[in-house]
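Below: the structure, in structure tokens.
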């Protein structure tokens, strides 16, 4: 690097350019691009004059050389390059440095730097093989002074001129002192200055060592204005060309302008004459160069104005100190140029001689107005600036800056200097701004490979924030009511900001991938993919970044997952608000969200185990996604839509159903097949839904399907009637009129005529045939069987589900309870309706209207049995075998009930003697045999059990009339008590016929063709022998009643006879009256 500096062009070549070349060399060695370097704005403020970095650097070097020259007992000399190399070779490796720093000290010591050790900087790693290679032509600086010159980019020619100028200044001061104190002539003074120029080294060594008072005068650099003195000492002949001289002179005038006019140590008043005069001189120098000769008038005027401004002072400062370079920000920019020399861009590290160099830089403080606290601030910025501008790879520089902040924090607490506070605030704000630019989006910058560097940046940023808030913002501190944990607050901000940015970038990336893969099959929804990526991001945060932040924020991981939870939750809310149907994509998103939420909450809980509130605050920041609730709502909506659609299809199919037994082999309704198919499809679709909790939502579907099937069952049996709808109401009780056989035959012909009128009405009122009843029963049986199969299928599906549990699965038995109960009830209802309709409706002409009407022996059961048999055949061939016995059993019971109803409530047209009981028993046996069918029909036990009631009633028909009357009175007495003997109450009709029941015995007496029975009924209850027309009307079945009144021929005959008798009586009465007259 020294070779590169020596080979530069003009002495005014910018050191910043050299630094840039060295930086590019360093970055290329480390494999990094120079583009990674970053330029930082200076926190010290911009100068109001146009002083370049090279000009500031040269001025700073002049101040440094003059300060070291006037503060050391050893003279400042120039050593040529051959002498330096000889000195290096002659110096033994073990040579120790003197305790006091010197520009001429050899750089051969290998002692570790105390400053580096204190700041945590590691020693430079140098390659001894590379350094000792004979091919290397670049020689290392031999002394500390040369090291600083090389580091500051000052050429040897410029360094020689500066030193020569300083010697001239010293000679001028000595000559002036001798002339003033000894009284030498001007010629002798000129000769003395010539000697300084010719034999500078020898003369200075001898003269200053023998004249202490003069040496003292030469050391006081703070008592001179260096640019002014140098302007007076050099002429154009001292420079290679006139242009370089003009540039040099312009620089010194600009330095005077900056230090005395633009950035003075003590603020200027507008009326200050010296400042106005200096402005005019500097403005005029740009047009007409100033004569800098010692005795020239222009130089005297310039010196007068400069010294007048430089010696201005304030209380607390010495009056013999010149203030020309200690105004801010000029002094800070000059000092920063010195500190830049501490960094070796070729090696990429702080120079090992930092202790000696800083000790020498300390000598400039008196000129630049620097103290230890301001030095700490400048050195902090130097360390930070070196890190940033060299590729941001050396974390030791940040570590050193962070360690230095500890001392700066203590300084900030003890000082009230507004200038110091301003500089501190500016530097820390710059550092904090740079750090937060990276920490507010640290996922973009850091990863597992550079996490240690991130830790340094976090520590630096947090330390800077704490100093700014705790030690500078006094006004802010007075306003706040409670202490704020600055570090925790900043870390919280970093985490939330960076994760929001990372979330947005992840979402954009996922969406970009989705758009690019539109042609691919089975791509997952964006939010489902995003949930997985966010889960991975949370794990990365927990494993890599949270351990770093936990030093300042104990709940770092919890804050991170709470932020991610909130970000994803906002997207999920928008998604859910737009979802109306349960689709595969929507369920995938909700399931992914549910899994993500569980993972995030788990991290938050684990991270807050040791917190004061147990993580309750973080959990409150994470309101549940309600993904399960959303899935449940969507599933319920899906179920409702399915059930509603099924209900509509049930109605449509029922309207088209014809109940045709030839529609299929099994003789059940085709509509039931379609409805059951839809139910099965709904169940299959439900179990194919990608939801995680089928058992919990299955009841909703089952209830809906169950109600649809129950509705179908209800519609199937609707309009078919019930058992009671076909049983005729019982006629009023009458007593038998003892009449001849002719009368009975006449009465029978009248009844048959009435039956024909009734049959005409019956045939027009019922459109359901027997086979249609059979199809309906088969349909209900088919539904019952298939529903049981569906239940088994559901149980199997539940057991196969991974999410199901044994307890939940076992709780779903008999799910179609309504349908199963309704179908069984419907089958029973249809069996009874079919049986009673057949007995009391279809066969009423051979049972109710014919059996035992008139003469018992001439109207027996044969006709009824004959017409009942083909109906049984139809039932046998049409009804399902598992329902067939139930229908036949119902038909048997209806037949038995009809037989009893004829015997006990057949009306006055039926009369039985004791001898007729044999006929009744024979007929009933024939009826039983029909159902038993010699063992091919119903079981004998079932038939005999059903016949028990009829058999018991038939015993009453065999009994004597007196015995029946006695039994009736006994039962009445037992029922109503002894008081009933005075007048027997009319027993109510319960319909439960029994030999021990008073109403049953009374009805047997009413139908007993016996004088004793007729008299007993006449005497006891005054029962009529005939039914009134209204009684006849009510005696017909209520479902087949005739709405018009039909005249009774018998009543008409009686009425005719009565009318004839009345007319005869009237005729006889009138004849008798006429006879008397």
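Each residue, glycine too, has its Cβ placed from N, Cα and C.
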Annotated stretch (transmembrane segment, per TrEMBL) among the listed ranges 1031-1050, 1051-1070: 1051-1070
Where TrEMBL places region 'Disordered' among the ranges 1-44, 177-220: 1-44
Tally of DSSP helical, extended and coil residues in the domain 'MHD2' (858-968): 89 helix, 1 strand, 21 coil
The domain 'MHD1' (587-730), counted residue by residue under DSSP: helix, strand, coil: 103 helix, 0 strand, 41 coil
